[in-house]
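Single-structure report; data block below.
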Amino acid sequence: MKRFLATALLGLALCGVARAAIDTYEFASDAERERFRNLTQELRCPKCQNQDIADSNAPIAADLRKQIYGQLQQGKSDGEIVDYMVARYGDFVRYKPPVNERTWLLWFGPGALLLFGVLVIGVIVLRRRRTAAKVQTTLSAEEQARLANLLKNDK
C-alpha cells in the first residue's frame, strides 16, 4: 500500500512538470532570436508584479510573446513593437519608462529625496556645532588658578 501511495504521489508531482508550457519559436537568424530575447526581457508582464514577459508563466505573458514573435515575422522594428505594447498596455509594460510630465517624479524623486536628506542632516550638524560652541565658556581667573593647583597636586 505504501509503495502504491508513493508511486501515485510521484505520478501526480510529475504531471505538473509535464504540463509546463515551453514556447518554441523558429527564427530565420540568430539576430532575430536575439531581438526576440531582448524585447521579451525589456517588456514587463502586465499581470505580474515585477517580472518580464520572458520569465513569466502568466497566460498574458505567453500571448505577448506570441504577439512579439508575430510582429518580428512581419518585419516590424523594435521601436514599433514597443510602441504597440505601450499603446495597448501603457507605460507600465516598459521597465524604463520615458521621461515626461507623468513620470518626472519617478525619475527625479529619489534624487530630490536624497538631496533633501543631505540638507536636513547638514542643518542638524550645523545647529549642534553652534550649540556646542555656545556651551563652551572660558574659565574665570579663580577657576584657572584652582585647576592649575589641582593639576600640580596630581603630579
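The chain as shown is numbered from 1 upward.
Glycine is treated like the rest: Cβ placed from N, Cα and C.
Quick look at what Swiss-Prot lists:
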type     : residues : note
BINDING  : C45, C48 : heme binding site
SIGNAL   : 1-20     : signal peptide
TRANSMEM : 105-125  : transmembrane segment
Distant-in-sequence neighbours of the transmembrane segment (105-125), which means Cβ under 8 A and at least six residues beyond its ends: 97, 99
Sparsest-packed of the listed binding-site residues (C45, C48) - C-beta count within 10 angstroms: C48
